[in-house]
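Here it is, the structure in full.
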Amino acid sequence: MASGFPPQKQETQPGIQHVMEPTPEFSSSNYKPSNKLHGKVALVTGGDSGIGKAVCHCYALEGASVAFTYVKGREDKDAEETLRLLHEVKTREAKEPIMIATDLGFEENCKRVVEEVVNSFGRIDVLVNCAAEQHEVSIEDIDEARLERVFRTNIFSQFFLVKYALKHMKEGSSIINTTSVVAYAGNSSLLEYTATKGAIVSFTRGLALQLAPKGIRVNGVAPGPVWTPLIPASFSEEAIKQFGSETPMKRAAQPVEVAPSYVFLACNHCSSYYTGQILHPNGGLIVNA
């Protein structure tokens, strides 16, 4: 896989997948499912595209019944394509996948999402917090409204979803929060995003300690540069041409390369002794976290 991508720019967050060139890769013939999540119910936020879509796809292949959220309007086409895909690959025993349009930045919406999933599937075994937005901006240009918007999307939503999902999660359940390599390395232009991703690391660690007595594991994934709709919606065309080249592997990841980390953390047979931990699929960008 080469580093960098054709110049392109999207003007609105969180970006659209179906217009990207090349389209992010969410599946691979090299991935061999083995019923790791047979009988499980998974809720994935931001599952219409990017890492979230790849996670939904892997979970469905592994036997889970999958629900995902998306932002109504710009993401409709991506969400419908993901739902179609999940219908195609779901196992015989899994229930039909569902998609839920919502703005996760508000508590009442997070409560409604959990209620819809429980009404459809009866419970939640795996909660994946993947939805996010980011903006390139100088500290002088950050205003209160957008700062609140980014924090609501990226970290408030995780608090609210966990709050309402917990009563429907039993011992052996798993919560997986998406943070980022920028929480460890920093980023000079993504200040709001970086702050939220640092908060997610601390939230994950504290929540893991709080829920350990209940037998619910809480972990995180801190991806490096990954080719998702957030990228052309955040960076200049010139930056897109070089995206991923700063890693020792000299390229960005595709979502399908990151999704197996979420499978591992969701599967009790694989990660039963993991809690409060962060996995780092980052191409070697950080090696001492």
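One is the number of the first residue shown, and numbering goes on along the chain from there.
Cβ from N, Cα, C; glycine included.
Feature annotation from Swiss-Prot assigns region 'Disordered' to 1-32. The NAD(+) binding site feature in Swiss-Prot is assigned to 43-67. According to Swiss-Prot, the substrate binding site annotation covers SER180. Sequence annotations record features per position, and here Swiss-Prot assigns active site, proton acceptor to TYR193 based on sequence analysis.
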How long is the line from the C-alpha of TYR193 (active site, proton acceptor) to the C-alpha of VAL55 (NAD(+) binding site), rounded to the nearest angstrom?
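The Cα atom of TYR193 (active site, proton acceptor) is 21 Å away from the Cα atom of VAL55 (NAD(+) binding site).
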Are there any residues at least 6 positions away along the chain from ILE51 (NAD(+) binding site) with a Cβ closer than 8 Å to its Cβ? List them or say none.
CYS130, THR178, PRO223, VAL226, THR228, PRO255, VAL258, ALA259
For GLY63 (NAD(+) binding site), which residues in the same chain are close in space, meaning a Cβ under 8 Å from its Cβ, but six or more apart along the sequence?
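Looking at Cβ-Cβ distances below 8 Å from GLY63 (NAD(+) binding site), excluding near sequence neighbours, one finds PRO33, ASN35, LYS36, LEU37, HIS38, GLY39, LYS40, THR91, GLU93, ALA94.
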Using Cα coordinates, what distance in whole Å links LEU43 (NAD(+) binding site) and SER180 (substrate binding site)?
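The Cα atom of LEU43 (NAD(+) binding site) is 20 Å away from the Cα atom of SER180 (substrate binding site).
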Using Cβ-Cβ distances, find the residues under 8 Å from VAL55 (NAD(+) binding site) that belong to the same chain and are at least 6 apart in sequence, listing them in sequence order.
VAL44, GLY47, VAL128, CYS130, ALA259, TYR262, VAL263
How big is the Cα-to-Cα gap, in Å, between ALA67 (NAD(+) binding site) and the residue listed as 'substrate binding site'?
23
Using the structure shown, find which entry in TYR59, TYR193 (the recorded positions) has the sparsest Cβ neighbourhood within 10 Å.
TYR193
Taking 10 A as the limit, how many CB atoms besides its own sit near the CB of LEU43 (NAD(+) binding site)?
27
Should the residue listed as 'substrate binding site' be counted as helix, strand, or coil on the basis of DSSP?
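DSSP assigns the residue listed as 'substrate binding site' to coil.
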To the nearest Å, how far is the Cα of TYR59 (NAD(+) binding site) from the Cα of the residue listed as 'substrate binding site'?
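On Cα coordinates alone, these residues lie 21 Å apart.
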Could you count the residues of the region 'Disordered' (1-32) that DSSP puts in helix, in strand and in coil?
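Output for the region 'Disordered' (1-32) reads 0 helix, 0 strand, 32 coil.
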